[in-house]
């Protein structure tokens with residue numbers, strides 16, 4: 001019987017989503033699109049809440065751990081559901097690998113240590129295999145520290161409102177596209193259903209956590225723009241942001257670590273759920289200390305292999321596959337629901353479809 005609560009759902013949403021992405025992608029969007037990125041990060045709050053709502057709805061319609069692919073399977077059929085399961089799982093592994101890669105990037109702004117990402121994923125795996133109670137305690141601690149550290153970064157560097165650039169539609173859309181990689185991850189919170197006392201806690205926690213994340217990202221991006229740096233080098237921006245403040249560096253690394261921890265935990269329930277649905281071997285449904293340990297180990301091994309790719313490649317693979325999986329979920333919710341959530345799922349489906357087409361167009365052109 002699970003013991004995670006609504007508060008844990010909020011913190012798990014925050015720690016699953018907030019990670020190294022914001023520390024790399026916010027400066028990256030600034031390098032690509034200049035001061036006008038603020039409009040994209042502001043719009044991302046509303047886009048995220050719209051796109052998260054169908055996940056909250058779907059989480060109330062499934063009865064066991066594994067994630068929203070079970071809802072897709074129920075509404076759109078087994079074949080599409082199995083495809084959705086694989087692509088959600090792989091996108092999660094790509095995303096987790098990207099987070100670990102970001103840890104290496106930030107860590108090595110001050111140091112030059114090889115295989116530090118490998119060390120991180122091994123340590124986190126050991127913690128998670130310690131059991132659900134240990135996971136719950138770490139999620140709460142990491143959640144509070146994540147919010148506190150980002151606010152510290154913002155207020156210690158300051159915000160200058162006059163640094164905001166003019167609105168540019170193309171730049172705003174591209175900022176939203178890149179920003180969504182570090183703002184999405186709602187599928188993760190729906191995976192460990194059996195770990196929660198109350199199933200509705202997942203839906204409420206997902207939406208509250210998403211709003212908090214959007215505000216934190218906007219504040220952080222305002223700080224990046226306010227620095228007004230004159231460089232085209234991402235590492236230089238990070239060095240200016242961190243300075244000689246080792247406490248700040250440690251805080252950023254802690255946030256990235258907490259994200260990797262939460263994603264590795266929630267993602268372990270995908271092989272578990274797929275084992276229940278006979279997509280994966282039955283061995284994956286075995287639990288130890290309420291943790292699907294074979295799922296944890298499998299995901300860890302895949303991350304270690306994927307670390308051969310650079311962060312940008314991992315981000316692109318993760319974001320594109322995630323958008324496809326999200327499109328299928330929105331289609332399923334649209335088909336099954338009625339009223340406001342039907343309209344919201346349609347809007348989400350259109351946003352996701354446009355982002356997919358926009359990315360394909362840019363890939364072909366570039």
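Here, residue 1 is simply the first one shown, and the rest follow in order.
Each Cβ is built from the backbone N, Cα and C atoms, and glycine gets one as well.
Annotation comment: Swiss-Prot describes 14-34, 37-57, 87-107, 111-131, 141-161, 173-193, 205-225, 247-267, 291-311, 314-334, 346-366 as transmembrane segment.
Counting Cβ pairs closer than 8 Å and at least 6 residues apart in sequence, the transmembrane segment (173-193) and the transmembrane segment (87-107) reach three or more and so form a contact.
Pairs of Cβ atoms less than 8 Å apart link the transmembrane segment (205-225) most often to 37-57, out of 14-34, 37-57, 87-107, 111-131, 346-366.
Residues of the same chain lying 6 or more positions beyond the ends of the transmembrane segment (247-267) and with a Cβ under 8 Å from any Cβ of it are 12, 15-21, 23, 89, 92-93, 95-96, 99-100, 102-103, 106-107, 109-110, 120-121, 124-125, 127-128, 135, 138-139, 142-143, 145-146, 149-150, 152-153, 156, 185, 188-189, 191-192, 241, 291, 295-296, 299-300, 303. Counting Cβ pairs closer than 8 Å and at least 6 residues apart in sequence, the transmembrane segment (314-334) and the transmembrane segment (346-366) reach three or more and so form a contact. Taking every listed stretch (14-34, 291-311, 346-366) in turn, the largest tally of C-beta pairs under 8 A with the transmembrane segment (87-107) is reached by 291-311. Note on the transmembrane segment (14-34): residues 40-41, 98-99, 101-103, 105-106, 139, 142-143, 146-147, 150, 165, 168, 171, 174-175, 178-179, 181-186, 188-189, 209-210, 212-213, 216-217, 220-221, 224-225, 232, 234, 237-238, 241, 252, 255-256, 258-263, 266, 311, 315 of its chain, located 6 or more positions outside it, place their CB under 8 angstroms from a CB of the stretch.
When Cβ-Cβ distances below 8 Å are used as the criterion, the transmembrane segment (346-366) is approached by residues 47, 50-51, 53-54, 173-174, 176-177, 180, 319-320, 323-324, 326-327, 330-331, 334 of the same chain, each at least six residues removed from its ends.
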